[in-house]
Every structure is written in C-alpha cells, then in structure tokens.
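K.L.:
My questions will all concern the structure given below.
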C-alpha cells in the first residue's frame, strides 16, 4: 500500500556553481507547499509529468526564475507526490530556496532517502535499489551495462524463479506431511535431489560470477613484481604511454610503489609498480621497499611477474613461479626484453604459459592486456549474463547454497520432511534477504546511508 511520508528536500545535482541546479522534493503536500511560493500557474491544478515556468518568491521578493516539474503519486520515482525545481546554479540561490522550504516545514532528506521511499512503496526491490547507486557510480561501459541490467530486474527475475522452484519443492514436502497417515508420496526423493542439484548449479554460477562482478564494480589492483631491473617501471610507463615511473639501469631504483590507473576493456586496472625483489640487500630503504612489495602482492587481485629473458636462468624463473603460485592469487608470467632474449631460455619458456614482450620496443603489450581480460573471462562477457557485483548479495547466496546443500545431505541420509523443511525455509530466507522481502530497519538504514543525498 502506498503512503505519503513527511515532505523532504535535497539538492539532486552536485554542489558548487553551475549553469543549472536541480532541487528535489517528495512527500505529503509538497505540490501545495511549492505552490505557496511559486508565481505562475496554479500547480495544484496541473496534471502530472508537466513542466511550468515561473518564479520563486519570498516576502514579495523574487529569488529566481525556475522551471517546476510535477510528478503526482504514484507516477513518480518515490511513488509520492514529487517536485523538481530547476534553478540557476548559484550557491546563494540554492541555499535561499532550500532554506525557504525548510521554513515551510520540509526537512532535509537523509542520504538515499528518495530511493529508500521508492523501495518501501514497492517501486522496485532491494537489488534494483542498490543498482541505482551502482548506475550513478558507473564510470565504465561494463559497469554501466551491469548496473542497468540489474536495475531493470534481470537479477531479480532470476532469483524470483529460484524462489518459486524452492517453494514448489517445499509444497511437495508439506503435502506429504499433511497426508502422513495415508502414506502417500508426493515427492520422489531422487526427483527432489535432482531438482535441488539443478538449483545449486544456478546458485553456484551466481556465486562464481562475484569474482568478475567485484572487478567490474571496484576495479582490479594489479601488482607488477620481479627482480630489480627486469623492466617493471618501463612496463608501467609503456602501458600508460607516459613517463610516470623512474627508469634507471641501476638496480633498486624503485624504493616505494607507484600507482596508476588504466582502462583495459572497460575495467579500471590499478597498476602498482613495486620495488624489485631480491634476497640480499644491505640498503635499509630498499629492504623496506621489498617488504612493502610483499604486502602489495598479498593485497593484489592479480600479479604480473616480470622476468628478464636476457639475464635470468631457467632455474631461477621456475623457483620464482613456484613461490608465487603458493600465494593463491591469479598471476601472469611475463618474459621481458624479448628483443635481447637468450635463445635457449626463450625456447624452454615457450612451452609454458608466458606472455613475451619488449617494453623497450613496446612489442606485444596488447597480448598482455588481452591475457588480463581472458584471465577474468572479460573477453567472454555476455550482455544477458547475470553478474553478482554486491558483497551483500554474494554473502547471502553463499548462505543459501550451504542451506540447500544441507537439504541434499538430509535427503541422502533419509531425514524426515520436517527437518528438510527447516533448511529449505532457511534457503528461502537468505534469497529473500537479497531482494529485500526479508529485511530489517537497521539493514535498510545502513544500505541507503551509502547513497548520495538527493538520490
């Protein structure tokens, strides 16, 4: 049921001087309140989705010429009566207009309160509400496409289908309980297990997609590591196409890390050029840099390990690869200085999964970028794929997967329907958390507080 809440106001456009600013109002009687200070047409008599020119006046003094956009309930973003005032973007004018309406009883909106009201009034579910924030924050084509797909209900539809199938399974189990005395079997155990395994496959794919979704939403931190003087800084400069890092033939020049962002295939890749790794150094500052490199490796989403094809031995390279593989972090092996490579070493490494480049001559850098996209399956991204980008969704999916696995285990062990229903209802609960069908006031307050004011 729709309900009009107390009227709220917020600046919907960024603060600061601009040609135009938009002030947003929503809630009970906002159209009548705006009409009190608007000189133009009687707004109370105008239809929804219309725009009207006039002036905002206070105590006989004009504050500004404005355009008023009317949105009457339920045909608005919040599904309440809403008004958007387009005025000149002077900070004085904005402050004066907002102060005027606050004196008339309209309070300042909390962060995300407009979207929260839209959710509470049933305009969309919690997934779609969160997608609004993701859409505003999107600064790459992939992030925009993913947020738009979720805002339009793609993920919600998939979860709803899952819930309906689970409810069907639950209904079969409940029927058997109702007819327990007649010993009627409505749910063949093998059929039930097969159906649940099908649902587990769908949930599993959604969980797996989070590693990609996290990269799409938050970017990919990439640590460039290797021994001193293998060309790490030259690689960073080549990728950036500018001289950002100091390049020197003297080993150990990079004492600290240098960060730079590059957009590769629509993904924000944050490259970190680290101090060269070597076991023995008498330089205290270099030792600190090496320690920081190891910290950065642990924090990275991807490691690019650079080897010098002109100088290093096969045994040294193999030992380094063995060490880095133990970290459990995705990595790409890069052989640099291809133009001066040792023939025997190049031949031996050609049998392995290496990317061979020459940073000095800027050769094959595109192959490295392609490998990054391939590693995270960004080269195979389908517009219809549902990708989990939100940590909250991921955690609830993992919990629902565990609960559903408990149902399968119960079926195998011959547990009663009453016990199976406990885990099945728990699965439905966790899926309901994602869409907002199951939620708490604290969760909503925390979630919407992360939105910008005015949205």
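Numbering starts at 1 and runs along the chain as displayed.
Heads up, the Cβ atoms here are built off N, Cα and C, so glycines get one too.
According to Swiss-Prot:
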BINDING   24, 84, 123, 455  (6S)-5-formyl-5,6,7,8-tetrahydrofolate binding site
DOMAIN    219-377  domain 'TrmE-type G'
BINDING   229-234, 248-254, 273-276  GTP binding site
BINDING   229, 248, 250, 253  K(+) binding site
BINDING   233, 254  Mg(2+) binding site
K.L.:
Which is it, of 123, 232, 455: the one of these binding-site residues whose Cβ has the most other Cβ atoms within 10 Å?
P.N.:
232
K.L.:
How many neighbouring Cβ atoms, not counting its own, are there within 10 Å of the Cβ of residue 233 (Mg(2+) binding site)?
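P.N.:
Taking every protein chain into account, the count is 23.
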K.L.:
So what pLDDT does the domain 'TrmE-type G' (219-377) average out to?
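P.N.:
PLDDT averaged over the stretch: 79.
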K.L.:
Roughly how many Å separate the Cα of residue 123 ((6S)-5-formyl-5,6,7,8-tetrahydrofolate binding site) from that of residue 233 (Mg(2+) binding site), to the nearest whole number?
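P.N.:
If we compare the Cα positions of residue 123 ((6S)-5-formyl-5,6,7,8-tetrahydrofolate binding site) and residue 233 (Mg(2+) binding site), the gap is 51 Å.
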K.L.:
Do any residues at least six apart in sequence from residue 84 ((6S)-5-formyl-5,6,7,8-tetrahydrofolate binding site), in the same chain, have a Cβ closer than 8 Å to its Cβ, and if so which, in order?
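P.N.:
The answer is 12, 22, 23, 24, 25, 68, 69, 71.
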K.L.:
For residue 229 (GTP binding site), list the number of other Cβ atoms lying within 10 Å of its Cβ atom.
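P.N.:
Cβ-Cβ neighbours of residue 229 (GTP binding site) within 10 Å number 20.
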K.L.:
Is it possible to get the count of other C-beta atoms within 10 angstroms of the C-beta of residue 24 ((6S)-5-formyl-5,6,7,8-tetrahydrofolate binding site)?
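P.N.:
The answer is 23 other Cβ atoms.
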K.L.:
Among 24, 84, 123, 455, the annotated (6S)-5-formyl-5,6,7,8-tetrahydrofolate contacts, find the widest CA pair distance and round it to a whole Å.
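P.N.:
Max Cα-Cα spread across the (6S)-5-formyl-5,6,7,8-tetrahydrofolate binders: 19 Å.
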K.L.:
Please report the DSSP secondary structure of residue 232 (GTP binding site), reduced to three states.
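P.N.:
Reduced to three states, the DSSP call for residue 232 (GTP binding site) is helix.
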K.L.:
In angstrom units, rounded to an integer, how far apart are the Cα atoms of residue 232 (GTP binding site) and residue 455 ((6S)-5-formyl-5,6,7,8-tetrahydrofolate binding site)?
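P.N.:
The Cα atom of residue 232 (GTP binding site) is 43 Å away from the Cα atom of residue 455 ((6S)-5-formyl-5,6,7,8-tetrahydrofolate binding site).
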K.L.:
What does DSSP assign residue 84 ((6S)-5-formyl-5,6,7,8-tetrahydrofolate binding site), in three states?
P.N.:
strand
